[in-house]
Amino acid sequence: MTNELKFRQVIFEEPKGNGGIDVCWLWKKTWRERALEDQEYVPHRRDFTRSLSITTPDQMIEKAKGETAYLPCKFTVSPEDQGPLDIEWLLSPADNQKVDQVIILYSGDKIYDDYYQDLKGRVHFTSNDLKSGDASINVTNLQLSDIGTYQCKVKKAPGVGNKKIQLTVLVKPSGTRCYVDGSEEIGSDFKLKCEPKEGSLPLQYQWQKLSNSQKLPASLLAEMTSPVISVKNATTEYSGTYSCTVTNRVGSDQCLLRLDVVPPSNRAGTIAGAVVGILLALVLIGFIVFCCRKKRREEKYEKEVHHDIREDVPPPKSRTSTARSYIGSNHSSLGSMSPSNMEGYSKTQYNQVPSEDFERTPQSPTLPPAKVAAPNLSRMGAVPVMIPAQSKDGSIV
């Protein structure tokens with residue numbers, strides 16, 4: 001039996017404080033000497049197959065915006081894991097420029113969920129008893145900013161475990177609009193378009209004709225999965241109701257379209273009617289402008305004339321004084337006349353005052369009517385006198 005010793009490297013999975021592995025270098029004898037001598041020291045090797053482990057596998061989850069995402073994280077512990085239980089969820093945002101964020105934490109039998117402002121009030125543990133081995137969470141009202149990698153870390157010294165879940169938030173198709181781009185006339189070319197207002201790519205389109213069982217041309221059938229259907233040399237067989245369904249991985253949306261292919265319209269008559277209508281409208285507008293300007297000129301002229309009378313003509317005398325003056329002039333004229341000539345005086349326009357104001361004057365005496373021939377008045381040297389009249393507001397007319 002030789003005493004030859006061989007140098008061998010043996011690695012034992014002894015955990016250190018820093019989570020590493022101790023490397024032990026042992027001098028070992030030959031297998032025969034080891035069998036004969038039971039004096040060699042072999043360190044105790046711990047069995048870590050029964051320590052803390054997370055049973056949930058890594059996975060990818062896709063959810064629609066506004067929905068709730070369930071992120072599973074279930075674990076088991078061994079009797080040797082006697083330390084306090086700590087659970088931590090971290091988010092690595094899709095933007096690599098942002099650092100990892102703690103979104104919820106369980107430590108010392110308390111839950112802390114106010115670390116990350118963007119998820120505050122939207123992330124919760126699903127279990128009321130986390131020590132039972134369920135550290136899963138729900139993220140409610142998903143937003144596009146929630147996209148990223150979520151990591152579940154469970155610690156119960158000396159056991160440690162972690163799992164990652166990739167969360168993708170997609171937007172369902174919504175606000176889909178169907179319309180015709182072009183003229184719906186026989187022989188014309190137009191397009192049927194289907195456009196969703198929002199929706200995450202990739203999007204799939206499916207057209208379907210709901211009415212008029214007439215078969216469509218093969219060229220049109222080939223485009224029934226396209227967002228745009230091009231129609232060439234349209235005929236009445238294209239008329240009917242169409243539906244377009246837009247789908248992606250998280251939802252779908254639909255719109256309806258009514259297509260009526262009609263005979264071509266009389267474009268010459270339409271153009272002529274439009275021209276006549278425009279001319280009539282211009283004539284009407286011109287007439288209205290002319291009337292407005294004419295009315296303004298009349299109002300301006302009346303104001304100027306009214307102001308001229310008020311400013312240039314002195315205020316008239318009272319009606320009583322006018323009547324008295326008229327009577328006095330009659331007395332003077334009659335005083336120079338002989339009784340034989342009074343007969344023709346009543347035929348003139350000065351025989352009486354054609355105003356009611358004369359009757360209102362109690363002091364004026366009433367004279368008998370007299371008639372004086374016009375030739376006699378001229379021979380007597382009488383001069384015709386014009387008496388100004390007054391309007392009701394007192395102005396001279």
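These residue numbers are counts, starting from 1, taken along the chain as shown.
Heads up, the Cβ atoms here are built off N, Cα and C, so glycines get one too.
Feature list (source: TrEMBL):
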type	residues	note
DOMAIN	43-168	domain 'Ig-like'
DOMAIN	173-248	domain 'Ig-like'
TRANSMEM	271-292	transmembrane segment
REGION	301-375	region 'Disordered'
COMPBIAS	301-314	compositional bias 'Basic and acidic residues'
COMPBIAS	318-354	compositional bias 'Polar residues'
Worksheet item: By DSSP, how many residues in the domain 'Ig-like' (173-248) are helix, how many strand, and how many coil?
Response: 7 helix, 33 strand, 36 coil
Fill in: Helix, strand and coil counts within the domain 'Ig-like' (43-168) (DSSP)
12 helix, 59 strand, 55 coil
Response to the item:
Whole-number mean pLDDT, the domain 'Ig-like' (43-168), equals 89
